[in-house]
Structures are given as C-alpha cells and as structure tokens.
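Participant: Before I ask anything, let me first share the structure, which is written out below as structure tokens.
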Amino acid sequence: MRKNIVAGNWKMNCDLPQTQSLITDLKTGLVKEFNCELMIAPSHPFLYNAFNSTCDTVIEVVSQNVCEAEKGAYTGEISVDMLQSIGIQTVIIGHSERRDTYGETDELLAAKTKAAIDKGMKVIFCCGEHLEERKAGNHFDTVTAQIEKGLFDLTAKEMEKVVVAYEPVWAIGTGETASPEQAQEMHAHLRSFIESKFGKDTAINTSILYGGSVKPANAAEIFAKPDVDGGLVGGASLDAQSFLDIANAF
Ligand code: PEP
C-alpha cells in the first residue's frame, strides 16, 4: 500500500550550524508518532552530518540531486555511489528549479532516475506545469509528458521505487497554492496515466505528493484529498514547528 510522506526540500539554505540547529529542533519535536514518513533534504555538504544526526529517528535524509553518470570527469557532480556510501537512499529528481534554472531535460532526468534506481535508490520524481501552460489549458499534457519521458522506460518493478511529486511551478515559493480540488484533479489524472503504463497495482501503490506553498494552514485540506499522499515542502520546511505541523496534518 502506498505511503503518506512529508518531505522537506531545504534547497540552498542553511549552513552547517543552521542545519544542525534545524535538525535538533526537529528531533525535539518528534514527541508523537506521525501518520506519514518524514524526509528532509539538506544541502549536499551537510548530508553526512545530517544522516548521522538523524539515523536513530524516523527522519530520512534525502538528496536534492544526483548525477546520471557513475563516476569520472563530472566536475561538481555527486554520484549515486557517493550518496549511498554515506547512507542516503532517496533522491529528488526533476525539481522545477533543476529543469528551469539548470536546463535539465526530460532525457537527462530519465537517465538520472535510471541511474539511481539501478543501484536501489528511491526517487522522488517532480513534475509540474508553468502558469502559462495552465492558463492555456495544457497542464495535463505538460505533466503527463514529463512523466512519460522521465519514467516510462522503467519496469513496473522499478516504478515501485518512485514517488511522484506534482509541483505546479506557479505555486512554488509564491505563496499561491493549488486548491485542494486542483491538486486532486491532477493527482487522479497522474494516477490513471501511471495505470495506463504500469497497471492498476502500481498506480494504486504509487505515492503522489503535492508541492507548492504547503503550509500548516492548508496542509490538512490538501492531504485530505484521496489521491494526495503527502507533500514536498520548500519554505515551510525551514521552520521545524511548521514542518512538523504539516506532518501532523495527516
Ligand atoms: C519546492 O520547492 O519543492 C516547494 C514546494 O517550495 P515551497 O513549499 O516553498 O512552495
């Protein structure tokens, strides 16, 4: 059965003391059981420290990115093996900031996904349309094309390693959230698209997260939708109490 997940994408925020302090605050707040898995994605230099500080808790530390190649002349990149050697088993791939700011193409994202899954990692695969695409009524086509190009070379078995995150770009960091109905509509669409390729069992068991200005005040009504299995949270994950309040919305 699919899992509820609340994942915090810290992006390029928090130096080492801030990373440690945020983790300390999160650990202090872990006083009850959550009805979801908790993940945090600190910046790469601090993953090892973050992993060691949380490995005795329910928090999983995940990577914000990974290289598609195994090793070699890829200055500035980080490989699957490197991540796994420090205990990291999940990676976010295809965030809109990677697509838009760094020009990561669907083909590159498919290669990254395959590289991670081939070595047994889990992938949080992001998709989402821009405002113009939604206004033009192309949002379903945009997002299904991203999923098709990024994931449809996988087998159904490999797809078990994938969590999908639907993040409308117009809602990321803008304070504007998709309505719970808009999120549900897209998540249901994505689930049936996944079913068309991988079958019903895979579709039912794939967690689909919503991302885009999720906050404690709106999390409960978004997470209440039947095809929304949690959130990928940016800004609000930088405050421990807000992040835990969002996780408590389940
Ligand atoms: C994100 O970056 O994945 C995100 C959803 O950011 P925010 O929650 O700040 O909109």
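A Cβ is built for glycine as well, from the same backbone N, Cα and C atoms used for every other residue.
Bear in mind that TrEMBL entries carry predicted annotations, made automatically and left uncurated.
Quick paste of what TrEMBL says about this protein:
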ACT_SITE  His95  active site, electrophile
ACT_SITE  Glu167  active site, proton acceptor
BINDING   Asn9, Trp10, Lys11, Gly173, Ser213, Gly234, Gly235  substrate binding site
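Distances, neighbours, how buried they are, the whole picture for these features please.
Facilitator: Taken residue by residue with DSSP, His95 (active site, electrophile) is part of neither helix nor strand, so it is coil.
Taken residue by residue with DSSP, Glu167 (active site, proton acceptor) is part of neither helix nor strand, so it is coil. Residues near Glu167 (active site, proton acceptor) in space but far in sequence (CB under 8 A, at least 6 apart, same chain), listed by position: His95, Ser96, Cys126, Cys127, Gly128, Tyr210, Gly211, Gly212, Leu232.
With a 10 A radius on its CB, Gly234 (substrate binding site) counts 22 other CB atoms from all the protein chains.
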Participant: Quick check: with Asn9, Trp10, Lys11, Gly173, Ser213, Gly234, Gly235 left out, which same-chain residues have Cβ atoms within 8 Å of the centroid of the substrate site Cβ atoms?
Facilitator: Ile172, Val233, Ala236, Ser237, Leu238
Participant: Enumerate in sequence order the binding-site residues Asn9, Trp10, Gly173, Ser213, Gly234, Gly235 whose Cβ-atom distance to ligand 1 is under 6 angstroms.
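Facilitator: Cβ < 6 Å from ligand 1, in sequence order: Asn9, Gly173, Ser213, Gly234, Gly235.
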Participant: Would you mind listing, in sequence order, the residues at least six apart from Gly173 (substrate binding site) in the same chain with a Cβ closer than 8 Å to its Cβ?
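Facilitator: Sequence-distant Cβ neighbours: Ser213, Gly234, Gly235.
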Participant: Given the binding-site residues Asn9, Ser213, which one is most crowded in terms of C-beta atoms within 10 angstroms?
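Facilitator: For the binding-site residues Asn9, Ser213, the Cβ with the most other Cβ atoms within 10 Å is Asn9.
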Participant: By a 10 A CB contact count over all chains shown, which of the recorded positions listed here is most packed: Lys11, His95?
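Facilitator: For the recorded positions Lys11, His95, the Cβ with the most other Cβ atoms within 10 Å is His95.
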Participant: Among the binding-site residues Trp10, Gly235, which residue has the largest number of other Cβ atoms within 10 Å of its own Cβ?
Facilitator: Trp10
